[in-house]
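Taken from TrEMBL as is:
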DOMAIN    16-143  domain 'MSP'
TRANSMEM  160-179  transmembrane segment
TRANSMEM  191-211  transmembrane segment
Amino acid sequence: MHQQKRQPELVEGNLPVFVFPTELIFYADDQSTHKQVLTLYNPYEFALKFKVLCTTPNKYVVVDAAGAVKPQCCVDIVIRHRDVRSCHYGVIDKFRLQVSEQSQRKALGRKEVVATLLPSAKEQQKEEEEKRIKEHLTESLFFEQSFQPENRTVSSGPSLLTVFLGVVCIAALMLPTLGDVESLVPLYLHLSVNQKLVAAYILGLITMAILRT
């Protein structure tokens, strides 16, 4: 009677399946990784039966590919890779775990686990380390570019041309004016009043530009 009350809740394909891990990685140069263990958990109050399917069954040996899990228990499923060859490097295979209630045939839930064969654990670690370094450099470059305009604003000063023009204008204002007979400066360096006004005007513009920077 209890089973009849909960039976409508067991919709086909909607029951969550809890499996760990969800990814299997085999390394060709490390025989200890040629044997992996999948753990199937049953947190429910009723027993489940399971079945393990694979897209490439000729490459793997699954110990206890079918069985049952008691309520609120777990079971380990051993998977061995038996075809470790370079032609299989990087190929992604898939395992599918289907669970159903012991008294029924329909699959109440399913979970896929991917499996990959890699040539070397050391190479994989090296690639991951290089990837982390690249990500770190990218982040550093991003922050450097983000703060660069502000740094330019703070550290930028007047250009050499601006400073040179300012010095020339100051020198022009210090030169004697036309008609100044007592000056020891040669006559060709005497400037008119209008020329000094122009120099003063340019010096004022340069001063404002420097203050804005």
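Including glycine, each Cβ sits where the backbone N, Cα and C put it.
Panel annotation: around the transmembrane segment (160-179), residues 185, 189-193, 195-196, 199-200, 202-203, 206-207, 209-210 of the same chain, lying at least six beyond its termini, place a Cβ under 8 Å from a Cβ of the stretch.
For the domain 'MSP' (16-143), the model gives a mean pLDDT of 89.
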